[in-house]
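Noted in Swiss-Prot for the protein shown:
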type    : residues                                                                    : note
BINDING : PRO60, VAL61, ASP62, GLU63, VAL83, ALA84, ASN85, LEU86, LEU94, LYS95, PRO96 : substrate binding site
DOMAIN  : 47-116                                                                      : domain 'MaoC-like'
Amino acid sequence: MKTNAGRFFEDYRLGETIAHAVPRTVSGGERALYHALYPARHALSSSDEFARACGLPAAPVDELMAFHLVFGKTVPDISLNAVANLGYAEGRWLKPVFPGDTLRAESTVIGLKENSNGASGVVWVRTRGLNQQGEAVLSYVRWVMVRKRDTAAPAPAPTVPELAGSVAASDLVIPEGLSFTDYDLTLAGEPHRWGDYAVGEKIDHVDGVTVEESEHMLATRLWQNTAKVHFDATNRPDGRRLIYGGHVISLARTLSFNGLANAQMIVALNAGAHANPCFAGDTVRAWSEVLDKAETADPGVGALRLRLVAMKHGTEPFVTRSEDGKYLPGVLLDLDYWALVPR
C-alpha cells in the first residue's frame, strides 16, 4: 500500500521523534499572500527599511507565518486524523525567519492518554522548527485529540506531561541586533509605548472580518496543512468545513493592530485554546487584556504579556465564560502570548 491514511492514536510511542516531510523555502510571495489573506500591518514585518532602522538585516516574516509553516509540516504525522487541536504551551520564537530561509520540522511525543470512551486519545508533542543551518527558530508544545483506528487496541500507560503555565520573561529571546532606539512611532502607526500600557487594561480592537470559505482554504493550503476537516465537507457530521484554528489566530492578531500597533514581535506563546469552532460566514472580532509587563536585557525593548480573545460578532467583549465556567458559544480563541514593544 503506497498511500498514507495518517497516524491514529495507537500508532504513537512515548519518546519517539518524528522528522516531518517536505522542507519549505520561504519567499516574499508567501509574505505578500499573508498580507492579502489577513489585515497584517505591523511595520517590522512589512518594511525592510523599518526593520533595518530597528537593527535587523531586513524585515522578518510575521512570527505567526513562521508558526503556520512549521505547524503545517506536522499535520500529516500528528493531526491528519485529529478530532480537535486542544491547546498550546511553552512556545518560544528563537530566531527571526527571513525570505530565503528553508524551514523543516520535527516533533517528539511527550505524552499519551486514551480517552474514557476508548475511541480516541490525546497526544502531546513538542515541535521544533529548524532552518537550513539546523538552528531552531521556533519550539512549542501542543496536544491533539486523535481517533483510534481500532477501539479494541490496548491503551498505553497514561502519561501527561507537566507544562509551565507561562514562559518566564527571563527566557524570552530578543533577536540579535534588535534595537528600538531609532523607532519611528509615526511610521509604526500609533504613539503608544511599553509604559503607556497598564496591567489589567483591556482593549477592544474595534474591527471585524467575515470569514469566507475560499479564503480560509487558500490560507490553509498555503501552509501545506492537509487536515481533512478543513477541506472535505463529508468529513464532519454537520457537513461543514472547520476553519483552521491558526487562521483565527492570525485574524485576531492582525486585528489587534488597532490598539497594539507597536507590539511588533511575538516572542512566546504561553497558552492557547480554540474555545469553539469557527465556520465560513462567521465574523471575527477581537479584544486584548494586558496580563503582565517585563523589562528585557535591552533597555529600549519591553515585553507585554497579552491575552488575545477572538469572538464571533454579537458576543459581548471582555467576557469569555458563563456562570458554569464554560466558554461562551461565541468565544473562538483564548490566547496568551508575549510581545516586544518599544520602551
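Backbone N, Cα and C atoms are what each Cβ position is placed from, and that goes for glycine too.
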### Message
Long-range neighbours only, meaning 6 or more apart in sequence with Cβ under 8 Å: which ones does VAL83 (substrate binding site) have?
### Response
SER120, MET145, VAL146, ARG147
### Query
With DSSP helix as H/G/I and strand as E/B, how many residues of the domain 'MaoC-like' (47-116) fall in helix, strand and coil?
22 helix, 25 strand, 23 coil
#### Entry: Sequence-distant neighbours of LEU94 (substrate binding site) in its chain (C-beta under 8 A, six or more apart)
GLU135, ALA136, VAL137, LEU138, SER139, VAL173
#### Entry: Cβ packing number for PRO96 (substrate binding site), 10 Å threshold
25
### Task
Give me the mean pLDDT over the domain 'MaoC-like' (47-116), rounded to a whole number.
97
